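Q: Summarising the annotation, TrEMBL assigns domain 'STAS' to 541-688. Positions annotated as region 'Disordered' by TrEMBL: 577-602. Annotation comment: TrEMBL describes 68-90, 110-133, 188-212, 269-285, 297-314, 350-369, 381-405, 417-435, 479-504 as transmembrane segment.
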Amino acid sequence: MDASPEAQQQVGGLVLVRRQPPKPRGLTETLKARLQRSCRCSVPRAWALVQDLIPATRWLRQYRPREYLAGDVMSGLVIGIILVPQAIAYSLLAGLQPIYSLYTSFFANLIYFLLGTSHHVSVGIFSLLCLMVGQVVDRELQLAGFDPSRDGLGPGDNSSTVNSSVAMLEPGLQDCGRDCYAIRVATALTLMTGIYQVLMGILRLGFVSAYLSQPLLDGFAMGASVTILTSQLRHLLGVRVPRHQGPGMVVLTWLSLLRGLGEANVCDVVTSAVCLVVLLAAKALSDRCRHHMKVPLPTELLVIVVATLVSHFGQLHKRFGSSVAGHIPTGFVPPQAPDLELMQHVALDAVSLALVGSAFSISLAEMFARSHSYSVRANQELLAVGCCNVLPAFFHCFVTSAALSKSLVKTATGCRTQVSSVVSAAVVLLVLLALAPLFQDLQRCVLACVIVASLRGALRKVRDLPQLWRLSPADALVWTATAATCVLVSIEAGLLAGLLLSLLSLVGRTQRPQATLLARIGDSVFYEDAAEFEGLLPPAGVRVFRFSGPLCYANKAFFLRSLYSLTGLDAGRSAAKRKGQGSELEAGEGDPMEGKDPESSGTRLVPVVAGFHSVVIDCAPLLFLDMAGMAMLKDLRRDYRALGVSLLLACCSPLVRDALQRGGFLGEDQEAEEEQLFPSVHSAVEAAQARYGELVAANSVL
């Protein structure tokens, strides 16, 4: 293979011959080739496209019923049993009727079964998204003249106006009541959220969710959980307080609760206390005995069934005025297109919902894929979750995403594929068609207890904050700021604040990476941080500097400050000062060293203040080098050369080496490159000491 001299590099007697890159094609040729590949049609390509868009067509052919079916059926039944009480309870958060939560759970499971790439994720109603939907619904209800404090549950005398049949919920807006308008707002918001997620998937923006860091998501979950807990206190206590909107909603709600505490319903308070004790004790028992239990206890369902029976036979609503769920219709309503005008109103709100839903869905899919040794496609996950919002929006559903708690239960009960989602959808369908009206006497405080008990895991994350602070104060700051902003301002502001802080943290770590001086480990050829380890031997007359980050326009000033501070020599100022002194000598009696080679003069070899003759930069952690960093290195080499100090680079990656070559730092000849670049720090140190010894010997002869 022929290679130009520039493509050859000699390292320790070995010659590296670089491969010649292929000649780049022009923009027109590249676009033409891509269009030809995209527009080429054949049966195999069409079938491959269908399999990519609908992954179920691929893995269903490989389904092994003897191995998978039992686990899928068991997990599907358990998730379906859990979904029913959660769907009814989470309707409180969204400000909608329970029937719409059941619709959402049904359609989301079926669509993700076809389009999802994760085998274990459970997609459906999610408490954080329900809260965000509920806040948008309350705002739009207030703007339309409805009272947001009138929940979408219960009969007319129980703070709601619910029609006796589902078919009556579909007239025009002029005849549409509070609950009818609420679901219109929710479906418009859901369609916009799904459109954003589908567009992100089409444009292959799955990487965007990576910028929602785990501390941000944990802090957001914590802050949103406090907000959810606050919103459910009025149901736990049975008091009627206004539903506040905007900044400070949590604080204002607490103040309203304190003022209305004397009006608390004793029946609701007692029921809430009993249900919370049972739910939390059962969860603690399940956590302790999870290794010995093949199926988790369906505590929520048992509590709801028992509470419904007690409320029905004890007539708690009539005798004590306790709020109940009210009539829950059965069956499906005809599909209806979301309102275009409402979609314009909620377009901005849908952005935060799309980001949060996408981030949680992708992160959960990747987490379960890693633990079970298979792969998922982030862009396809965006398409799947987006379709779980776009298509159901026409069937009176609201925003969904993957949920951690149900996904963990799904995995623990033997789930192998998304066939379990079909089983869960069948359970929900049974409730939709026959069993839903049985829960009409269920107290709202019991539903609130189910919601509060589900927040246990998110609220306990506050215990991880001290450990997070020890590991990374920047991540702990992101966690705290996100949670605090969610609680004190709003959850949308908390998400934005957390995202900005995460990006600033990333920029800060890039702008101010770790900079250290290295020293030799005994007689070995390895070098480490002299400030961190004891007993290291600094090389005589050489300073080894390591900069653990990229060298670019954002941190070049920090690079110089760190180098000058650690070496004890400000090369820029010293070179300028020496140049000024040289100019004064030339203007006076003349330079006493005139006629001598400045590089061979012993007075120029080692600056008296610095005590070193060479600087070696360990470029191994140097990720990349831009034009500003290149110019700074050239200026640094010039200043050091004016002081008689040589600058050497070691362990340069091919990317950095190519940048140095293209930027003209190495010169055109191969010898210049070999004199400045070295494969290891030790070889650079030895070369610097050898060159200095030769200069000293030559100077003594002169």
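Including glycine, each Cβ sits where the backbone N, Cα and C put it.
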Q: State the residues, same chain only, that lie 6 or more residues beyond the ends of the transmembrane segment (68-90) and have a CB under 8 A from a CB inside it; answer 'none' if no residue qualifies.
A: 98, 101-102, 104-105, 122, 124-125, 127, 130, 295-296, 298, 300-301, 303-304, 325, 328, 406, 409-411, 413-417, 419-428, 431, 439, 442, 447-448, 450-451, 454
Q: Any contact between the transmembrane segment (297-314) and the transmembrane segment (269-285)? By contact I mean 3+ C-beta pairs closer than 8 Å, pairs at least 6 apart along the chain.
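A: Contact between the transmembrane segment (297-314) and the transmembrane segment (269-285): present.
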Q: So which residues does the transmembrane segment (188-212) touch in its own chain, when a touch means Cβ under 8 Å and the partner is 6 or more beyond its ends?
A: 133, 136-137, 338-339, 342-343, 345-347, 349-351, 353-359, 362-363, 377-383, 385-394, 397-399, 498-499, 502-503
Q: Which listed stretch (269-285, 381-405, 417-435) has the most C-beta pairs under 8 A with the transmembrane segment (110-133)?
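A: Highest pair count goes to 381-405.
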Q: Taking the transmembrane segment (381-405) as the first stretch and the transmembrane segment (417-435) as the second, find out whether 3 or more Cβ pairs fall under 8 Å, excluding pairs closer than 6 in sequence.
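A: The answer is no, given that the two segments have fewer than 3 Cβ pairs within the 8 Å cut-off.
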